[in-house]
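Right, one structure below, let's go through it.
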Amino acid sequence: MMQVLPIQSDAHTKESPSPGRLIVLTGPSGVGKGTLMQELLKRHPELYYSVSATTRSPRPGEINGQNYYFISRSKFEQLVAQGEFLEWAEFAGNYYGTPREAVLNQVQSGKLVVLEIELEGARQIRTSFHGTLSIFILPPSLNELESRIRGRAQDSEDAIARRLCRAQEEIQAADEFDVQIVNDDLHNALNAIEATLFG
Ligand SMILES: Nc1nc2c(ncn2[C@@H]2O[C@H](COP(=O)(O)OP(=O)(O)O)[C@@H](O)[C@H]2O)c(=O)[nH]1
Ligand SMILES: Nc1ncnc2c1ncn2[C@@H]1O[C@H](COP(=O)(O)OP(=O)(O)O)[C@@H](O)[C@H]1O
């Protein structure tokens, strides 16, 4: 399920001397998006990473407000009703959403704003915001993807099965994105993302 709320302004304004931009990073669960993001933010602290809200329970070590805003389903539904999300989606039984105001403010102040979100949300952002740069991260193989999810050892069998099933559908959509990057060697993938963002 996916719903996008009406967007009041085009975040990519022509008038701004240093226009900000939305960057959407997508790819199947376990491909290494979070790891790549962490490294990218270390190298480029000027990027703004949008922290999403989710109804998923925190994994060990995850920090509220840093990895996600962990909220209840009723609170999430209330925020949806109030139009507080730029986009939101249900993934593997939980809701995930991008806070509208913080992201639009950052883009309007000239920042590169990175959204690490799943396929349906990425499609909606791409459609709604002209000038969005969309990147799809691919695994070297499905076997490697499964062993990364298992190696992370933070999901139940049920959650792993749902992620793997969804992964196959998501990978089919990779061609819709501006750029496809295979996360085989982490540093090569990171360099490829940097080259895409900064030329
Ligand atoms: N549409 C949407 N997807 C999100 C958002 N935040 C995270 N996701 C995606 O939700 C999926 C599940 O995330 P998570 O539970 O952290 O699992 P992981 O990707 O396996 O680490 C991933 O594909 C995330 O990119 C969001 O705000 N909106
Ligand atoms: N290039 C890579 N080679 C090997 N393992 C990787 C690579 N990138 C990420 N990983 C590992 O794969 C697992 C899943 O990565 P994670 O960043 O949590 O994925 P995602 O955010 O896409 O779900 C983690 O244990 C991570 O350390």
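Cβ coordinates are placed from backbone N, Cα and C, and glycine is handled just like the others.
Here TrEMBL gives region 'Disordered' for one range in the set 1-23, 47-69, 139-161: that range is 1-23. Long-range Cβ proximity for P28 (ATP binding site), meaning a same-chain Cβ under 8 A and a gap of 6 or more residues, is found for P139, L145, R163, R166, A167, E170, I171. Of all the binding-site residues listed (G27, G30, G32, G34), G34 has the fewest other CB atoms within 10 A of its CB. With respect to ligand 2, the binding-site residues P28, G30, G32, K33, G34 contribute G30, G32, K33, G34 as residues with a C-beta closer than 6 angstroms to one of its atoms, given in sequence order. Neighbours of the ATP site: apart from G27, P28, S29, G30, V31, G32, K33, G34, residues of the same chain with C-beta atoms within 8 angstroms of the site's C-beta centroid are I137, P139, L145, R148, N183.
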